[in-house]
Amino acid sequence: MAFWSGSLLFRLAGDNVLRSSGRCGRWPHSLQQRCGFRKASKKPEPKKVLEEEASPHVESSEAALNRQTTTPQWNQRAPSGSPRALSRLIRPFVFTIGFTGCSFGSAAIWQYESLKSRVQSYFDDMRADWLDKLRPQKRGDIRKEINQWWNKLTEGQKTVSGIIAANVIVFCCWRVPSLQRFMIKYFTANPASKTLCSPMLLSTFSHFSFLHMAANMYVLWSFSTSAVTMLGREQFMAVYLSAGVVSTFVSYVSKMVTGRFGPSLGASGAIMTVLAAVCTKMPEAKLAIIFLPMFTFSAANALKAIVAMDTAGLVLGWKFFDHAAHLGGAMFGIWYVLFGHELMWKNREPFVKFWHNLRTRGGPGRGGDQGGSA
């Protein structure tokens, strides 16, 4: 049985810090957890619990997890009819395109509204500072201490805090036995399942193992400052959510082609997009493992090694991780930095103008928000 050996911290030259996690000197496995299955017996037992073929740190904590909660019983069914089974990818493909478009459209609206309210927020902050000086200060005010801690965070850390909170909530839901049937249906992605589209997004926030979730969230938190500084919070959220769906779709395609069905869950595909985007944007950045600071390597070489490892895992049929989801996320991050930003984000002007006209002139049931009356 393999054991979890901790996280490896990568430092970027300058003030930016890039971090990731690894096992026994290997490249980061911030890692789409893949659940495997035992071969079904001829006469099924009523309470047979199927094992997960997950990452090493999941396996090492198996005994502890079994003491905490019952392992969910994964129900795996392979689609019937190989040629016709590929038609099951049509709905996921349409969902991927539609969700990606909606994500970037919503991000453009979010950015517009943020800029629109920035002036008002500036005056509100000035008024709040003035009132704070007049009011007597309370000692030990918990809310004030929380606000001070929050204000010390970078924009990237504030942005991913909501993502981390969502992952923690979903993780807690996995601990409730009565919810496990629901969680398996909607929070694990499996092309053999009847529910295909919604799990493509929801599984991105789903972790059954605490160590799996902690490793993924640690990597996301570590890369958040560099990624949000590079993209902005609105664009970052659009890329992250779209990456989760895109990487899951690539996993679907791989499973349908190879016939290796099984549910997957975890934020690894989306995190691989963030990692690949940062390394592609800053390929000459020097990275170093915190335990071996004397050895440095470029971000470009680190990305090549990660892609090579996942490619080998996909070709050789390794079952430790969902390597197809990793590759899908990495390829999406590389594509977005090289082409997607110009193609999608920089061409949002017509949509933003449409939204601006809708807001200023007033839509259905609105009277306009800035003197729209004649």
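Backbone N, Cα and C define each Cβ position, glycine as well.
Listed ranges 92-112, 176-196, 260-280; the one TrEMBL annotates as transmembrane segment is 260-280. Secondary structure of the domain 'Peptidase S54 rhomboid' (200-340) per DSSP (helix as H, G, I; strand as E, B; remaining residues coil): 104 helix, 14 strand, 23 coil. Against the transmembrane segment (205-224), stretch 260-280 shows more Cβ pairs under 8 Å than any other of 236-254, 260-280, 320-339. Each residue in the domain 'Peptidase S54 rhomboid' (200-340) has a pLDDT score, and their mean in this model is 87.
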